[in-house]
Amino acid sequence: MYCEKLILLLGCFWISSSASDPADPLLVDLPNGKLRGRDNGNYYSYESLPYAEPPVGDLRFEAPQPYKQQWTDTFDATQPPVLCMQWDQFIQGDDKLAGNEDCLTVSVYRPKNSSRNSFPVVAQIHGVAFMFGGASQNGHENFMREGNLILVKISYRLGPLGFVSTGDADLSGNFGLKDQRLALLWIKQNIASFGGEPENILVIGHSAGGGSVHLQVLREDFSKVAKAAISFSGNALDPWVVQQGGRGRAFELGRIVGCGQASDSVTLKKCLKSKPASEIVSAVRNFLVFAYVPFTPFGPVVESPEAPEAFISQHPIDIIKSGKFAQVPWAVTYTTEDGGYNAALLLEKQASSGRELIVDLNDRWFDWAPYLLFYRDSMTTIKDMDDYSRKLRQEYLGDRRFSVESYWDLQRLFTDVLFKNSTEISLDLHRKHGKSPVYAFVYDNPANTGIGQGLAKRTDINFGTVHGDDYFLIFENIVREPQLRSDEEIISRNFLKMLNDFVLSENGTLAFGTCDFQDNVGSSKLQLLSITRNGCENLELESFP
C-alpha cells in the first residue's frame, strides 16, 4: 500500500515534468531517464518498459516493487517484450519451458498520423489460463489502424511464480494480479509522457485476462487507475478463475522440486526461493492429469486477511454482494460456444490409437470431469463429485455415449459451466449490488478458422463461435486466418469504435454499431446485446431469484 501511495504522490510531479520531445516523438522522458522507441509507419512503439524491479531472488513470491533504476544512457525501447517464464502447452515436444523470470514490463503503442494531440488509453491484460501467453501473443496492427487510441500491453507473472499460495500470510499468492495492479498505476502516472490521457483509461482483457480485469474492478481503488473496464469471455465468478486447494498444490510443488522437508509456509517459501525458476515452472507438468488438463493448476486465490498487501481477502461473490468494489462502468461478454476452448482438445485424434480423446470419456468421465470443469477442489467427498458428474452428463447427454457425434452437447455443457452461467450470475449480482453501469454482450458469428480447429488439429468439424472469435477481431491471433470476411470487417470496426466511445463517455454509456447497450443496474431483467453477422439486437433474460 505504501508503494501505491508513493507512486500516486510522485505521479503528480511526473506528469507535469515529463513529456515526449515534439521534435523527436520517438524520444520520451520518464523519471528513470530517456527512452527511444520505434517508428512503425502509422504508429510509434515503446516496448519492454520495466514497471517493477525484477521479481527474482528475495523478490520472488513477493508483491512487486516499483522500478526505480535510473538510466544513464537512453533506454532502448525497440525490443519486443519477453515472455514471463511459463510451461507452454502449445510448444511441441517434451520441453515446453519458455520465457524469463525477469519480465515485468509494459509496452506502449501510440498513433502517429492523427489530428489529436492526446489520446485515450486502452490497457490490455493478456489471457491464457494464468499459466502461459504474454503481451505479444496477440497482434495490434488492426487495433492501431484507426489511429484513435493508445494501447498499453501488460506482462505479469504466471503459473507457480505468479500464483502459488499456501493460503496464509507467509506465501499469500496472487503475485500476478499484484503485478497487473502496479502496471496500471505505472500507466496512470506515466502515460501522459506518451501523449495519453490519464483520465481516460479503459482496461480490457480476454479469458484469464477478462477474469483479471474483473478482479481488478473488485478492488474499490480500481477507480483511481482506470475509468472503465471490459471482461471478454472471463470474469471472477467463472469456476476456473478463483481457485481452492492452493495450499496442497504449494506443498506438492515443494516436494517435486526438492523442498519436501518443509512442513510450514515460511520454510517452504525460503526453499522455493533457492530453487532455479526453471525447475519450479517445469514442475507444472506434474499437475496435469491428461493432455493439458487442468488448464489452470495455479491461479488466483482468496488471500488470508492477515496477508500483507492482500489483493482480495473475500470470495468475489461476497465482495460483489457487499457493494465494496469500484463503481466504474463495466462490461462482460461470452461467445455462444466459448466452451470449445476446453472441449475441442478432446477431438484431436491420438497418435497411439487413431481415435479421438472424447471416446475415452466414456470410461474416464468420473475421473476427468472434475478437472475439466474445475470442481475437483470445491467438493469435499468423492461421492459429491461423482453425483455432480453424473448429473451433468445426464442433463446434457442423457444416455448417449461421448463421441464425435455428441461433441456439440459436450461443448454446450462446457460453455454453460465454465462461461455462460457464471457470466449471467455475475451480471445479476452487479445489477443488484452495483451503482455504475453494467453491460453484457453475447457474440455469435463463427470464424472460418479459430481456436477450436487449432486445439483439435482438424478442420472437418464445425465448432461454432468459440473462445476468442470476437476478441481476435480486435487483436489478431495466430489461431485464426488474418484475412477478415466482409461481415467481420464491419464488426471489427464497430468493436474499435465501441472501445473509443466507451472510454470517452462521460456517463458510462456503451454502444455497438447502431445498437445501444442496456444498463443492467435498475433493470428487473438481465440485459444482453446479441451480436451476429447480421447485426445486433437487445435480449432480455430472467434474472436469478
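Any Cβ shown, glycine's included, is placed from N, Cα and C.
Among CYS271, CYS515, the cysteine that Swiss-Prot records as disulfide-bonded to CYS536 is CYS515. Matching Swiss-Prot disulfide entries to the candidates CYS103, CYS271 identifies the partner of CYS259 as CYS271. The separation of CYS259 (disulfide bond) from SER207 (active site, acyl-ester intermediate), Cα to Cα, is 33 Å.
Counting only same-chain residues six or more apart in sequence, the Cβ atoms lying under 8 angstroms from the Cβ of CYS271 (disulfide bond) belong to GLY254, GLY258, CYS259, GLN261, ALA262. Every protein chain shown contributes to the tally, and the Cβ of CYS515 (disulfide bond) ends up with 18 other Cβ atoms within 10 Å. Each residue contributes its Cα atom, and for CYS536 (disulfide bond) and HIS467 (active site, charge relay system) these two points are 19 Å apart. The most crowded of the disulfide-bonded residues listed here (CYS103, CYS259, CYS536) is CYS103, judged by how many other CB atoms sit within 10 Å of its own CB.
Sequence-distant neighbours of HIS467 (active site, charge relay system) (same chain, 6+ apart, CB under 8 A from its CB) are SER207, SER233, THR335, GLU337, ASP338, GLY339, GLY340, TYR341, GLY450, ILE451.
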